[in-house]
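Structure first, commentary second.
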Amino acid sequence: PHYHESTMMNMLCRVGQVRRCAAGLSLPMSQVAASKQKHTLPDLTYDYGALEPNINAEIMQLHHSKHHATYVNNLNVTEEKYQEALAKGDVTAQIALQPALKFNGGGHINHTIFWTNLSPNGGDEPQGELMEAIQRDFGSFQKLKEKMSAATVAVQGSGWGWLGYDKESGRLCVAACANQDPLHGTTGLIPLLGIDVWEHAYYLQYKNVRPDYVKAIWNVINWENVSERLQSAKK
């Protein structure tokens, strides 16, 4: 995926030294590995039980410390294998590793956004420029909630519902992605708000009633974070 290849190139080419890029590809593996920073599980800024009753503590603990941690660990392992294949010029191995990079890399990217999109002080309505954009592109905040909720609930199997920003048109868009496909890397939209509808995100509390979970999660959306993401996306 584009996001991964660009990450690899950024790793090998230090800022201001792009001309060394070709040389970087032939570096000994020890040097390549030394230049690569491993991905880590981000800390939450709130306790596991802070989002109750909307999302209970048991779900949050398992979701963060087990599921997200697994994506991080598998991403690091896969990237090590990818680096080896890159250093050897083994294109076949690089291609074979792409699904694992997309799945685990997407899982890490998506969840890292998701945790910041939530807050025990969330809910209410967005403010300022974000609200103006929502009203312009969807008619009202209520219509955005209805459209995004419907798209998220309708995800077949596992996946995500997203509010994204289309940089070319300057407009907000609702989209859904399957599995752990990252929004930006697979659609080009810049992610502002994601709702995880993998069963591990809600089943212990909501069983198979996904609509109830999606309805409840609006009570803990961190609109300040979404607004900050919109400002960054516009730059």
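Glycine residues also receive a Cβ, built from the backbone N, Cα and C atoms like all the rest.
Keep in mind that TrEMBL annotations are predicted by a computer and have not been checked by a curator.
Since the structure is predicted, the reported quantities are computational estimates derived from the model, not experimental observations.
Taken from TrEMBL, the feature domain 'Manganese/iron superoxide dismutase N-terminal' applies to 38-119.
In sequence order, H63, H64, H67, H68, Y71, D196 are the residues of the chain that are 6 or more apart from H111 (Mn(2+) binding site) and have a CB within less than 8 Å of its CB. Residues or ranges marked as Mn(2+) binding site in TrEMBL: H63, H111, D196, H200.
Across the domain 'Manganese/iron superoxide dismutase C-terminal' (126-229), DSSP helix (H, G, I), strand (E, B) and coil residues number 54 helix, 24 strand, 26 coil. Here TrEMBL flags 126-229 as domain 'Manganese/iron superoxide dismutase C-terminal'.
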Subject >> Residue distribution over DSSP helix, strand and coil in the domain 'Manganese/iron superoxide dismutase N-terminal' (38-119) >> reply: 59 helix, 1 strand, 22 coil
Original post:
Within 10 Å of the Cβ of D196 (Mn(2+) binding site), how many other Cβ atoms can be counted across all chains shown?
Top reply: 26
**OP:** Using a 10 angstroms cut-off on Cβ to Cβ distances, just flag whichever of H63, H200 is the loneliest among these binding-site residues.
**Re:** H200
